[in-house]
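Structure first, then comments.
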Amino acid sequence: MNKVLFLCLVVLCATSAFAAEEEYVERAPVKRALLSCRCEGKTEYGDKWLFHGGCPNNYGYNYKCFMKPGAVCCYPQNGR
């Protein structure tokens, strides 16, 4: 009987470990910039971030230009 209980405990631990692993999915943060902007020479709009030294990570931005005062315009716009 002890072997059966031990086996059930092992199965329960393994199932909970795999279930917890599936819940974690790497995604970009939901919060985005509220303002739109356009860099010189670009036709499409980007996201304007205030008080940032550059574009935030994990948002998929691949181009940026700096604007006045203390703002950065990041491309491409995700989700639009």
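Glycine residues also receive a Cβ, built from the backbone N, Cα and C atoms like all the rest.
In Swiss-Prot, the cysteine linked to Cys74 by a disulfide bond, out of Cys55, Cys65, is Cys55. Within the list Pro56, Pro76, the entry that Swiss-Prot describes as hydroxyproline is Pro56.
Disulfide pairing as given by Swiss-Prot: among Cys13, Cys37, Cys73 connects to Cys37.
Sequence-distant contacts (6 or more apart, same chain, Cβ under 8 Å) of Cys73 (disulfide bond) comprise Cys37, Arg38, Cys39, Gly46, Asp47, Lys48, Trp49, Lys64, Cys65, Phe66, Met67. When the disulfide-bonded residues Cys37, Cys55, Cys74 are scored by other C-beta atoms within 10 Å, Cys74 scores highest.
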